[in-house]
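Right, one structure below, let's go through it.
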Amino acid sequence: MTSFQEVPLQTSNFAHVIFQNVAKSYLPNAHLECHYTLTPYIHPHPKDWVGIFKVGWSTARDYYTFLWSPMPEHYVEGSAVNCELAFQGYYLPNDDGEFYQFCYVTHKGEIRGASTPFQFRAASPVEELLTMEDEGNSDMLVVTTKAGLLELKIEKTMKEKEELLKLIAVLEKETTQLREQVGRMERELNHEKERGDQLQAEQKALTKVSQSLKMENEEFKKRYNDVTSKALQLEEDIVSVTHKAIEKETELDSLKDKLKKAQCEREQLECQLKTEKDEKELYKVHLKNTEIENTKLVSEVQTLKNLDGNKENMITHFKEEISRLQFSLAEKENLQRTFLLTTSSKEDTFILKEQLRKAEEQIQATRQEAVFLAKELSDAVNVRDKTMADLHTAHLENEKVKKQLTDALAELKLSAVNKDQEKTDTLEHELRREVEDLKLRLQMAADHYKEKFKECQRLQKQINKLSDQSANSNSVFTKKIGSQQKVNDASINTDPAATASTVDVKPLPSTAETDFDNLTKGQVSEMTKEIADKTEKYNKCKQLLQDEKTKCNKYADELAKMELKWKEQVKIAENIKLELAEVVDNYKLQLAEKEKEISGLTSYWENLSREKEHKRSVENQAERKLEGQNSQSPHQISQCLKTSSEKSGHVPAVSNTQPVLQYGNPYATPETRDGADGAFYPDEIQRPPVRVPSWGLEDNVVCSQPARNLSRPDGLEDPEDSKEDEKVPTAPDPPSQHLRGHGTGFCFDPSFDVQKKCPLCELMFPPNYDQSKFEEHVESHWKVCPMCSEQFPPDYDQQVFERHVQTHFDQNVLNFD
């Protein structure tokens, strides 16, 4: 029991003194009474004091006013004492709106008690109002002032006072009557004295009563024996119950260990399930990303295939042109020889020089085209290298994500294990507390049983003493009765005076007998009460034992239910393990397939790079051949041209139109994109090569609009444009057609000498205005993304444009929707 008493001492020192009946507010300058109770945990001292502190105090010196606590009278250690103090009104604080509280401070300066907060407030008119129910049972509330209510109470008290005065008068009359009754009773007492003769009959009755008391004493002895036997049986039951409780505790400990193991396994399985679900989601995301990357790579491979095919076509076309030019050069040499033999006029030589110059320019243009093709091949190789680098970075990022996944899974497992440990610790603490509570109850029951056993022994001793006293009193009583009979026999032969004296002496033994009877009756009644109390306590102990047995049975049932639930959860966890193992195997198979696809793509990239290197070497050889052929003397070319012109009858006009490149000029400066999405701009696809400025044909551009991002998602070239490119003539055109088709790369006929006009703002520029500045002006009207440099038309929706820009800053990098 001492452990239960020490808990509040250690927990709170402010509860050692309890303040009673503390109101929420007091009047500022009115008399204030403070009632408090000293608990057994504090020892009062004459230097202890009670102070009024403002709420928020930090030390015992922050008091507003105080009074010395008086020492309680008749104080007994270990008992609670009620005390009272009275604070005078002029020492109290004014109505300042602050909260105060009473605090009990010891002579050592320790604060051992604090009251609830209160205020000092002057009475407001609203506070003077009170609500009370109507006395006429009309379910109405009547609002009155305190003064009116007090007046009503005073009137009632005055009426009660008058009634009490009337009652006093009546009671005085009754006292006179009672005095008369006392006199009458005294007379009756005298009459009762005359009834002394009846006492002898009562003595005979008392003898019978004493015999009955003996019988009752024997019955009490029997009851005592029964109680002792029951107490012994109870002790045996307590011993058996303690053994059973110990067995149950051992069973509880074993079941708790099983339960802890089951819970740990359950939590581990839950953590595994959660981690595997997370892995499943991550695998899904990874598969989605890999599929998107594969589609991108396939599209890029397709575009590169198309580029390679187009470049092969261009190479074959240029080879055919080279062979045709070689054949034409041979024919021209023959013609020149024949022409030199036939004609030698100055005009013909001038025409031949012009033709020779044009042929040289055409050869130079073909060289530039070959250089452009080489540059295109180098660009394709760079794109291939870039895609390979992107693949490598993707692999590295994949490995990094896998490492992060493993780290996150390890952290999740650690957190789950810590949570399980905390739960098991709390459960173990609660179970230990319950076991200690049961042990305390059993100890208390054993102590209670020992006390009862001691009380039974004490009662047995009292019964033995009473039996001895009753035997002695019976012997004395029989002796007195014998002496009384002798006196009665002697009084028969004496005078009436002697008989009167004997009559006076007879009541003495009757008073002793009545005292003895009263004592025996009182002792018997006390013993019966004690026996009844003992039986009640015995029944209570028995009930407690039954309650403990029922609790043990309940715990056993609960543990059985927990075992069943644990087995079910183990089965569910095993099934989940099997399902997760299947899912993991499927994902591993899918990952292996994806890795095979990636390895196949990488090998395909390597093959493409080898083929491109081979094509580059072939193109270099072709360029060398062209350079060797173009190094012939211009004299031979002029002769060839003369002979051909004489045979045909007219001067051949060299075609001024350049063959349109299908994949753009690599030396141009377009706004490049990333290239990872596989889309190219139209100006990268179809843009004519830079023409030689010495041809003498000026371009009067009226309107020019820069290329925009109008690429097709499924292919890199427009079928209509490709058809038009196929229709471009390679044969020499007449001079008129040459002059008209000279500016086909722009939107208007250059024969018109018109000013340049912006197609968006309709601003006019002079004909000799710089073309690059004009294009910069036109491009300034378009919206350009600051991240990917993608261009949008001026009338493009601003919200859609901002949403496009915000996608570059989206935190969810894996979101490709």
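Note: Cβ is positioned from N, Cα and C throughout, glycine not excepted.
According to Swiss-Prot, the feature zinc finger maps to residues 782-808, out of the candidate ranges 107-133, 377-403, 431-457, 782-808.
Which of 323-349, 485-511, 755-781 counts as zinc finger depends on Swiss-Prot, and there it is 755-781.
The average pLDDT computed for the zinc finger (782-808) is 84. The C-beta environment of His808 (Zn(2+) 2 binding site), restricted to residues of the same chain at least 6 apart in sequence and closer than 8 Å, consists of Cys785, Met787, Cys788. Same-chain residues lying 6+ beyond the ends of the compositional bias 'Basic and acidic residues' (609-627) with a Cβ under 8 Å from its Cβ atoms: 308, 311-312, 315, 318-319, 322, 363, 366-367, 370-371, 373-374, 377-378, 380-381, 384.
Listed in chain order, the residues near the Zn(2+) 2 site other than Cys785, Cys788, His804, His808 are Pro786, Met787, Glu790, Val805, Thr807, each with its Cβ within 8 Å of the site Cβ centroid. Cα spacing between Ser617 (phosphoserine) and His804 (Zn(2+) 2 binding site): 43 Å, rounded to the nearest whole number. Note on Cys788 (Zn(2+) 2 binding site): other Cβ atoms within 10 Å of its Cβ, all shown chains, come to 14. According to its DSSP assignment, His804 (Zn(2+) 2 binding site) is helical. A coil conformation is recorded for Cys788 (Zn(2+) 2 binding site) in the three-state DSSP classification, outside any helix or strand.
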